[in-house]
Amino acid sequence: MITLTELKCLADAQSSYHILKPWWDVFWYYITLIMLLVAVLAGALQLTQSRVLCCLPCKVEFDNHCAVPWDILKASMNTSSNPGTPLPLPLRIQNDLHRQQYSYIDAVCYEKQLHWFAKFFPYLVLLHTLIFAACSNFWLHYPSTSSRLEHFVAILHKCFDSPWTTRALSETVAEQSVRPLKLSKSKILLSSSGCSADIDSGKQSLPYPQPGLESAGIESPTSSVLDKKEGEQAKAIFEKVKRFRMHVEQKDIIYRVYLKQIIVKVILFVLIITYVPYFLTHITLEIDCSVDVQAFTGYKRYQCVYSLAEIFKVLASFYVILVILYGLTSSYSLWWMLRSSLKQYSFEALREKSNYSDIPDVKNDFAFILHLADQYDPLYSKRFSIFLSEVSENKLKQINLNNEWTVEKLKSKLVKNAQDKIELHLFMLNGLPDNVFELTEMEVLSLELIPEVKLPSAVSQLVNLKELRVYHSSLVVDHPALAFLEENLKILRLKFTEMGKIPRWVFHLKNLKELYLSGCVLPEQLSTMQLEGFQDLKNLRTLYLKSSLSRIPQVVTDLLPSLQKLSLDNEGSKLVVLNNLKKMVNLKSLELISCDLERIPHSIFSLNNLHELDLRENNLKTVEEIISFQHLQNLSCLKLWHNNIAYIPAQIGALSNLEQLSLDHNNIENLPLQLFLCTKLHYLDLSYNHLTFIPEEIQYLSNLQYFAVTNNNIEMLPDGLFQCKKLQCLLLGKNSLMNLSPHVGELSNLTHLELIGNYLETLPPELEGCQSLKRNCLIVEENLLNTLPLPVTERLQTCLDKC
C-alpha cells in the first residue's frame with residue numbers, strides 16, 4: 001500500500017521542478033490529465049455498460065445478408081422464369097432463445113465481429129497518455145539528469161532566499177541612483193583640492209593604461225551588514241555554485257535527453273494522427289454478426305447493436321483534438337530548441353544593467369537549465385547570477401573577513417620585527433580586513449598568500465606606514481591610496497606569483513628608497529617597460545632582484561644611475577653579460593648571489609665608489625683578480641663565502657682599507673701572511689674550510705673584533721691571537737684543539753666564545769679574566785664547565801640573563 005506520506009513526498013518532488021517547466025510543459029501536463037480522464041471514462045463505460053446486444057436473430061438469410069421472407073419471395077419471382085418452381089420457405093425451428101443463449105451470442109459477436117479499435121480504444125488512449133507522460137518526466141527521473149536538476153533546484157532556492165541576494169540587488173539599485181550625484185561631487189572635489197588635481201593630472205599624463213589601478217568604490221548607504229551566520233551561508237552557496245558549474249558545464253546530457261523526449265512526442269503525435277482518424281470510421285452502431293453457432297441456437301446470423309459506438313466516436317474525436325494540440329505544442333518546442341542556441345547563455349544584458357560586470361557566460365547543460373528557468377521566470381536567473389560574480393563573492397568575503405578580524409584581534413597580531421618596527425603580518429586570508437586601517441601605530445604591513453588585496457583610500461589613516469611587503473599576492477591600489485603611498489612609502493618588497501608581472505603602480509612611488517623584487521622577472525619584460533616608470537623612481541637607492549637572468553637588465557643600469565645598492569640573486573642561473581655594470585658609477589654596495597660566476601667580473605673594478613661586494617654562492621675557484629681591488633679605495637667589505645676557492649692570493653695584502661672579509665664555506669687550506677697586512681680588519685670569517693693552523697702574524701690585526709674558524713682542522717691556537725685585545729666574538733668550534741691557552745683571559749672584551757666540538761679536557765681558570773663573557777655566550781660541552789673553579793662558574797651564571 002502507498003501511504004499518504006509517500007504520496008505527499010511524491011507531489012512535493014514534482015512541484016519542486018516547476019521552475020524548470022516552460023509553459024508548454026505545463027500545457028502538456030494538463031492535456032495529459034484530460035487524456036487520462038478520457039481513457040478512464042472510456043474504460044469505465046466499457047466495463048459497466050453492455051458491450052454488444054444481439055437480440056434479433058436472422059430467420060431468413062438471402063444473398064449473404066439477413067432478409068425478411070417477403071423480400072425473398074419477391075426476388076425469386078423476378079428472377080425465376082419457371083412459374084412452377086417451388087418457393088423456398090423457412091424452416092419451422094423454434095426461434096425463442098433462452099437468455100443464456102443471447103448472452104452467449106453477445107459474447108461471441110463482441111469477440112469475433114466487433115472491430116479491434118472499438119474494443120481497445122480506452123486502452124490505446126491510456127497507453128498513449130502514459131507514453132506522453134513518460135516522455136515529459138523521463139528527464140526528471142533519469143539518474144544522470146535528475147541528480148543535476150535536483151542539485152540545481154536546491155541551489156536556486158537557496159540563492160533566491162539568501163539575504164545576500166537581496167542585499168546585492170538593493171545595492172545595485174542604490175549605486176545606480178547615487179552614481180550621478182557622486183560623479184558631480186567628485187568633480188567639485190577635484191577642482192577644489194590641489195592634491196587631487198595633481199593626481200588626476202598625473203593619471204592623464206600616463207601614456208599607457210593602468211591595470212591594477214581602480215577608482216574608489218562607491219559605498220552604498222542602503223547596504224546592510226550580514227551577520228556571521230548569514231555570511232557563512234552565502235559563502236557556502238558560492239562554493240556550491242562553483243562546484244555545480246564546474247560539473248554541469250562539462251556535458252550536455254540534459255539538453256540531449258530533453259530534445260530526444262520532444263522528438264519521441266512528435267513521432268508519437270504523427271503516428272496517432274495517422275491511424276486514429278482512419279480507424280475511427282470502423283466504430284459503428286449496427287453490427288451484422290455471422291457466427292457458426294446454428295447447431296446451438298438454430299440461427300447463423302444476428303443483428304447486433306454496439307451501444308457505446310456514438311459516445312466512443314465523440315471521445316475519440318475529442319481525443320484527436322487533444323493530440324493535435326499536444327502535437328502542435330511539441331512541434332513548437334522542438335522548433336524552439338533547434339532554432340535557439342540553448343547551449344550558450346549570456347548575461348550581457350544583466351551585466352550592462354548591474355554593477356556586477358564580471359558575471360560569466362555559461363554553456364552546455366548549465367546554459368540550457370537557465371534558458372528553461374527563464375521561460376518560467378527570468379528573475380530566477382538574475383538572482384542566480386549574483387553567485388556567479390567574483391565581485392559579489394569578494395564583497396561577501398570582505399564582510400565575513402571584517403566580522404572575523406576585529407580590531408582587538410588585529411592588535412594582538414602586531415609585533416616588533418628585527419628592524420625594531422611595528423609590523424602586522426597577515427597570512428593566507430581572503431582579503432584585507434577593513435579594521436587594519438584602524439591600527440595607526442603600524443609601520444610595516446606584510447601581506448602573504450592573499451589572492452586578491454585591494455588598498456582603498458582608508459590606507460591614508462596609517463600615518464606611520466613606511467614599509468609594505470606583498471608576497472605571492474595580487475594587490476590593487478585605488479587612486480587615493482596611491483597618492484598616499486607616493487608620499488609616505490619608503491620600502492616595498494614584492495614576491496611575484498606570475499612571471500614578469502610587476503604592477504604599474506610601483507612606478508608611481510616617487511619617494512620610494514628601497515625596492516625588493518623577487519620572482520621570475522624576464523629581462524625582455526624588464527627592458528620593455530615604460531621608461532617613464534623607472535625614471536620616476538628618483539629617490540630609489542636600493543634595488544633587489546631575485547630571478548633567473550642572463551644579464552643585468554638594461555633598464556636598471558641606464559635609468560637608475562643614482563642607485564647605491566644593487567643586489568641580484570640569480571637562483572643558480574649563469575649571469576653572462578656584466579659589462580653594463582660600468583654605468584652604475586654611484587653604486588656603493590653590489591651583491592651578485594648564485595650567478596654561477598667562475599671569475600670575478602672585471603666590470604666591478606670600474607665602480608670606484610664601491611664599499612661592499614658580496615659574491616656568495618657562486619662557482620669561484622680562484623680570485624687572482626683580487627689585486628685589481630686595490631683601485632677601489634673605498635672597498636671595506638668583501639664577501640666571497642660559499643664558493644670553491646682553494647687559496648687566497650698574496651695580493652690580498654694590497655686591500656689596506658678592508659674591514660670585513662668573509663671567506664667561509666670554501667676549500668682554503670692555508671692563510672697567506674699578506675692577509676694580516678689588512679690591519680683595518682675587524683671582521684674575519686674563515687669557517688668551514690680546511691685550515692690546519694693560524695699564523696702567529698694574526699696579532700697584527702689589532703682591530704679584529706670578530707674571528708671565526710668553525711669547522712676546520714686547527715690543532716693549536718697561536719699566542720698572537722690573544723694579542724687582539726678588541727676581540728669580542730671568537731668561534732673555534734668543531735676543530736681539533738687539545739687545549740685552550742691561558743692567554744684567553746687577556747681578552748677582556750670577549751662576549752662570545754665557542755669551543756664545542758673539540759678535544760678539550762679542561763677549561764683554563766683564566767677565563768675569569770673575560771669579564772664581558774657570560775654563561776649563555778660560552779658554547780661548550782656541559783662537562784667542561786665542571787672543570788672551572790666554582791667562583792668562575794658562579795660569575796658566569798649570575799649574568800646569564802644579560803647576554
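Cβ coordinates come from backbone N, Cα and C, glycine included.
Positions annotated as topological domain 'Cytoplasmic' by Swiss-Prot: 1-25, 141-261, 329-803. Per Swiss-Prot, transmembrane segment is recorded for 26-46, 120-140, 262-282, 308-328. The topological domain 'Extracellular' annotation in Swiss-Prot covers 47-119, 283-307. Residues annotated as disulfide bond in Swiss-Prot: CYS55-CYS304, CYS109-CYS289. As annotated by Swiss-Prot, N-linked glycosylation site applies to ASN78. If you look up Swiss-Prot, you'll see SER186, SER196 marked as phosphoserine, on the strength of similarity to another entry. The repeat 'LRR 1' annotation in Swiss-Prot covers 464-486. What Swiss-Prot records for 488-509 is repeat 'LRR 2'. Positions annotated as repeat 'LRR 3' by Swiss-Prot: 511-532. Residues or ranges marked as repeat 'LRR 4' in Swiss-Prot: 539-559. Annotated repeat 'LRR 5' per Swiss-Prot: 562-582, in sequence order. Sequence annotations record features per position, and here Swiss-Prot assigns repeat 'LRR 6' to 586-607. The repeat 'LRR 7' annotation in Swiss-Prot covers 609-630. For 634-655, the entry in Swiss-Prot reads repeat 'LRR 8'. Among the features that Swiss-Prot reports, repeat 'LRR 9' is placed at 657-678. Residues or ranges marked as repeat 'LRR 11' by Swiss-Prot: 703-724. The repeat 'LRR 12' annotation in Swiss-Prot covers 726-747. For 749-771, the entry in Swiss-Prot reads repeat 'LRR 13'.
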Sequence-distant contacts of the repeat 'LRR 8' (634-655), meaning Cβ under 8 Å and at least 6 residues beyond its ends, amount to 588, 608-624, 626-627, 661-672, 674-678, 680, 685
Please indicate, using numbers and ranges, the residues of the same chain that are 6 or more beyond the transmembrane segment (26-46) and have a C-beta under 8 Å from a C-beta there.
-> 121-123, 125-126, 128-129, 132-133, 136, 308, 311-312, 315, 318-319, 322-323, 325-326, 329-330
Cβ neighbour count (within 10 Å, all chains shown) around CYS109 (disulfide bond) = 24
C-alpha of CYS289 (disulfide bond) to C-alpha of CYS304 (disulfide bond): distance in Å?
-> 7
Which whole number is the mean pLDDT over the topological domain 'Cytoplasmic' (141-261)?
-> 62
Sorry to bug you, but what's the C-alpha spacing from CYS304 (disulfide bond) to CYS109 (disulfide bond), rounded to the closest Å?
-> 8
Cβ contacts within 10 Å for CYS304 (disulfide bond), all chains included, total 22
Cβ neighbours of CYS289 (disulfide bond) where a neighbour is any other Cβ within 10 Å | 24
DSSP-derived structure type at CYS109 (disulfide bond), helix or strand or else coil = helix
